[in-house]
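For reference, Swiss-Prot has these:
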- 1-325: topological domain 'Nuclear' (TOPO_DOM)
- 1-45: domain 'LEM' (DOMAIN)
- 39-202: region 'Disordered' (REGION)
- 46-57: compositional bias 'Low complexity' (COMPBIAS)
- 58-75: compositional bias 'Pro residues' (COMPBIAS)
- 77-89: compositional bias 'Low complexity' (COMPBIAS)
- 130-141: compositional bias 'Low complexity' (COMPBIAS)
- 168-197: compositional bias 'Low complexity' (COMPBIAS)
- 326-346: transmembrane segment (TRANSMEM)
- 347-378: topological domain 'Perinuclear space' (TOPO_DOM)
- 379-399: transmembrane segment (TRANSMEM)
- 400-500: topological domain 'Nuclear' (TOPO_DOM)
Amino acid sequence: MVDVEKMSDAELRAELNVRGANVGPVTGTTRSLYEKKLKKLLSGGAKTPARPTVAKPAPKPTPKSAPAPKSPKSPPARRSIPRAAATAANSTINSTFNRSEIEEMSDSDDDMRDDDDDDEEILSPKSKQSSFRSANSTASSVGRGRPVSSTPNKRLSPVYKPSPVPKNTPRTTSSSSKTTINTTTTRIPSTPRRITSVPGLITDFTPSFSTFGSDRPGATPPRKSIYTSKVSKVLHDLGNTTGEEDDDDEFEGQETSRIIYKTEEPSRRGIVKNAWNKVLGYGFDASKNPGDSYDLRAGASRIRVQKNPRTGKVTVKQTNIFNEAIYFALYVILILFVVLGIAYALTTTHRPKTADFSGYWGVLKAAGRDSLNFFYNYAILPVVSLGIFVVLGAGIYFGHRKYKEAKEQEEAKLYELIERITELIRESSIDGDPYVSQPHVRDVLFPPAKRRSAELARWEQAVKFIDTNESRVATDVLVLPSGNECAVWKWIGNQSQKRW
């Protein structure tokens, strides 16, 4: 018994070819399938068909006197290239096969199909060409010389699925008879084939891309580069790309968007919108001729650049948008005053005494006086009063806050001075001086340039705090040899030699 698993790829392929099986390239994924197929052939008792003895080579007949080859009975009719095209291309491959070998191939296929329905036939274009090509033939394919293209005219080969053959079909075997088969394809099917449609398989590239959801090489559909519908105008900014998106090396060299959106033309603004933009500082004007005059804005400043067409000099004027807003508010108040005066004149109960100009003039003066009183009582006086209250409240708040901050700073300076005085008294005690004069400490800490009223007032507060609250220091009065009294401090705390 031959050990199939120890065979090399070439030996496995040769054994399968000898037993009439169609073998493609033996790889890591197909070897297990071919091993199963060879084991089944060996276990089924399939014998190696006897190779026909090669007789003397007969003289090659001319194309005119060559007899027509007999077609085998077992394979069904199939598509073939016309005789004229085949003769012109010189692509006919003549191969001699034993009829019993062909029938054994169909028997082995039937047994395999009955035993295991899950095993599928693996075919590749290279294996189909190499398994049935004659060693001495040097013919070329029919389509040699045509350029390889991926245009929509390219067609892919359909998928063939073998159909089962009934068991009771009579088969005739003749081992001695030989049949010469004129093949125009790269493979001879052993059983009738039928075309089975596979969902999702693309067998033809057509100009219609209704069923395609993505781009195909060589068959790019026409694209609409401009969206003109009203609904798509809101998506104009979606096709824009930034430099950050193009920094990724993974998509380098690839376009980020195939859609070019149409730039929306600026719409015409009305009077109200122009006035509002002018108040906000966005109402820029530019001349029809480029470079004659235009506006710029930098923060709260507006810059007007204007070119003199005669001299060619450029004039730059700078204004502030807040000034324009103030003038605009004054204009609004004036317009409101005029409207109120007209409304008062039309609705007042005071009628002109005379129907001449003096009578109507009196009504207009009364309307102006009443309008001013209205503005003063309901606009100016409340605003001024509110402003005064706001200023007073803000002054009180910020004044109190400033007072607290100054008080905290003064307390911090006072405590810092107390620490310095205490440290000086302790150091004097360590050096061997039991008493320290208060004026001496003052002169050391405050030179004559710093003896101002604020510093002297802080010194008095520090002396008072030490005499009252400091337990490590005692205050005494010594009488000097001159008879004068002097206030001194004495350190009565810990006599440690450490210097802090």
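Indices start at 1 and increase along the chain as displayed.
From the backbone N, Cα and C atoms, a Cβ is placed for every residue, glycine too.
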Across the topological domain 'Perinuclear space' (347-378) the predicted model averages a pLDDT of 75
Per DSSP, the domain 'LEM' (1-45) contains 23 helix, 0 strand, 22 coil
Across the topological domain 'Nuclear' (400-500), DSSP labelling yields 59 helix, 17 strand, 25 coil
